[in-house]
Amino acid sequence: MANVVVVGSQWGDEGKGKIVDWLSEQADVIVRFQGGHNAGHTLVIDGTSYKLSLLPSGVVRGKMSVIGNGVVLDPHAFVAEVEKLKAQGVVVTPENLRIAENVTLILSLHRELDALRENSSTGTKIGTTKRGIGPAYEDKVGRRSIRLMDLKNLDTLRGKVERLLAHHNALRRGLDQEEVSADVIYEELTSVADQVLPFMDSVWKLLDGERKDGKRILFEGAQGALLDIDHGTYPFVTSSNTVAGQAASGSGLGPTAIDYVLGITKAYTTRVGEGPFPTEQQNEVGDFLGTRGHEFGTVTGRKRRCGWFDAVLVRQTVCTSGISGIALTKLDVLDGLDEIKICVAYELDGERIDYLPASQGAQERVKPIYETLPGWKESTEGARSWADLPAQAIKYVRQVEELIGAPVALLSTSPEREDTILVQNPFQD
Ligand code: GDP
Ligand code: IMO
Ligand code: MG
């Protein structure tokens with residue numbers, strides 16, 4: 001049985017939600033393994049749009065969904081998302097959703113610290129989602145987090161909160177902020193415990209059992225490889241590993257459980273927040289892509305920066321995530337352009353290079369070297385077979401495959417679930 005990992009191959013918002021939804025018909029279990037409610041995954045099913053941030057996209061189909069230990073979970077945001085989905089007719093119960101007992105919790109003080117840093121005039125502005133993601137991961141690595149299982153043991157919770165606050169109140173004093181009392185955090189946690197604890201489970205064990213029963217597991221990545229804490233455009237990244245390898249450690253299944261890595265890849269490039277973006281088009285091309293692609297953030301509503309497809313970046317992601325094949329999305333957004341550019345290499349200080357250098361300074365200095373392809377005037381929107389695609393669009397897809405060194409397994413031509421062309425089924429690799 002094939003288990004599939006879905007990851008973003010650029011800077012996020014590649015259309016992971018749509019593709020996970022499409023694939024989840026064939027899956028038994030859908031697992032989130034990193035990130036938190038900084039993600040915004042959109043599913044459109046028969047004209048109805050569902051926006052998921054923390055919950056795996058499989059909940060919409062009623063599939064067993066799992067939030068793995070690699071996620072950082074804001075319990076109040078979790079309850080709010082479950083309520084929001086309920087209003088759309090999606091039922092989320094412990095029957096179809098489990099949360100790892102060792103998941104790290106995001107608290108109000110993480111959110112406040114995230115916003116304080118982002119709003120400060122000193123330091124590097126990252127353009128975060130201000131959801132507290134970075135500060136929560138810092139506490140996890142600092143070995144002082146409150147984890148879900150701690151809500152079950154009220155005798156020791158207060159001591160853990162006090163230990164955490166010894167660190168945070170020192171930070172807050174330095175930032176001229178009022179200290180937080182242990183009572184406030186204790187109440188914040190205990191007030192939500194009854195709503196979250198019923199979902200708690202030993203996820204590694206559950207997944208091991210599912211695997212041994214021959215069930216198909218679909219891992220749903222958030223963000224994208226260029227936002228990875230190690231492999232991304234540091235420091236303009238998120239605070240987790242977003243590459244496919246994280247699916248194993250963020251869920252408790254070993255890497256041998258992974259059979260296929262599907263990289264979700266937008267037919268052009270977008271980025272939200274600060275940081276280098278070699279192919280960015282701050283001109284009519286960028287406006288065209290942003291308008292046709294409705295490029296506004298799902299979580300924060302921010303306008304996404306837009307540019308040409310960068311094959312150098314995706315080629316690198318194919319390596320860092322071990323991508324078996326890609327799902328190329330939003331091809332339809334390119335309809336109507338006279339010509340389309342693809343970045344095939346960079347120029348760095350007068351030399352041609354074929355990779356993204358690791359240093360921040362060099363990432364800012366690289367200049368794209370483009371190849372230009374003719375566009376197409378016909379519409380590809382809603383196409384469901386290769387026969388529906390104009391010859392120039394097929395040429396573009398073939399050129400992308402050639403340049404990134406990975407085949408197109410799926411092609412997406414609209415936000416709708418069914419507007420998807422299947423080339424190679426990742427579950428039947
Ligand atoms: P994710 O974070 O990777 O799940 O992506 P988002 O949901 O944040 O952003 C992708 C957006 O593009 C969503 O609004 C999707 O509904 C939409 N989308 C996905 N695939 C396609 C496609 O092939 N064509 C078009 N036009 N829109 C798409
Ligand atoms: P999905 O799963 C796009 C970006 C933020 C910021 C940086 C750090 O929908 O693809 P954070 O709040 O994580 O500390 O912010 O990462 N970012 C995303 N960009 N899509 C996302 O998720 C993102 N999640 C975080 O804009 O630049
Ligand atoms: Mg998104």
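From the backbone N, Cα and C atoms, a Cβ is placed for every residue, glycine too.
Unlike curated records, TrEMBL annotations are generated automatically.
The structure displayed is predicted, hence computed values, not measured ones.
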Recorded IMP site member, picked from Thr128, Thr129, Thr156, Thr291, that accompanies Asp13, Glu14, Gly15, Lys16, Asn38, Ala39, Gly40, His41, Arg143, Gln223, Thr238, Arg302 in TrEMBL: Thr129
Close in space, distant in sequence - Gln223 (IMP binding site), Cβ under 8 Å, 6 or more apart: Gly8, Trp11, Gly12, Gln34, Gly35, Asn38, Ala39, Thr238, Ser240, Thr242
Whole-number Å value for how far Thr298 (substrate binding site) lies from Asp13 (active site, proton acceptor) (Cα to Cα): 9
His41, Lys140, Thr300, Arg304 screened against Gly15 (IMP binding site), Cα within 10 Å - retained recorded positions: His41
DSSP-derived class (H/G/I helix, E/B strand, else coil) of Lys140 (active site): helix
